Amino acid sequence: MERKHMNVASFNLDHNAVKAPYVRLADKKIGSHGDVIYKYDIRVCQPNREQMLMPALHSLEHLLAELMRNHSDKILDISPMGCQTGFYISLLNEPDYQVMLHLLETTLNDILAAEAVPACCEEQCGFAANHSLSGAQEIARYLLAHRNKWEQVF
């Protein structure tokens, strides 16, 4: 049976066929003034088989959001997936996939050196008690150890 095409690009991806971890261009949108948004799927865990624990995922989100912007002003958004298997990272007007890979690798190394989770307090975070720096660093270490797999999605 053929599946209906969905409006959300990731819903059209066969989640059983992918091999995490990987980094793939998930979507590209061209604005009315010519700006282009590149949305990347940063998949950490194998869909429907494993997921990141929430405190580690939450801290990794904060660390990526803060530290990646030290390396590029083209970062629009970093969003965790509800399924807890990865993140979406959106870049503005940066078409080079290798630049995205370098940004991620550099930022993951920054995370390994981090001594605290940024904005990990009730004033700056909606669930400040739900963080794990060591958990985020474990995920960063895992991704860096599997760097050679990032470019192969299937």
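Positions of Cβ are set from backbone N, Cα and C atoms, glycine also.
Listed in Swiss-Prot:
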BINDING   H58, H62, C125  Fe cation binding site
Fill in the blank from the handout: Near Fe cation: residues not in H58, H62, C125 with Cβ within 8 Å of the site Cβ centroid are S59, E61, V117, A119, C120, F127, A128, N130, H131
Handout entry: H58 (Fe cation binding site) - helix vs strand vs coil (DSSP)
Key = helix
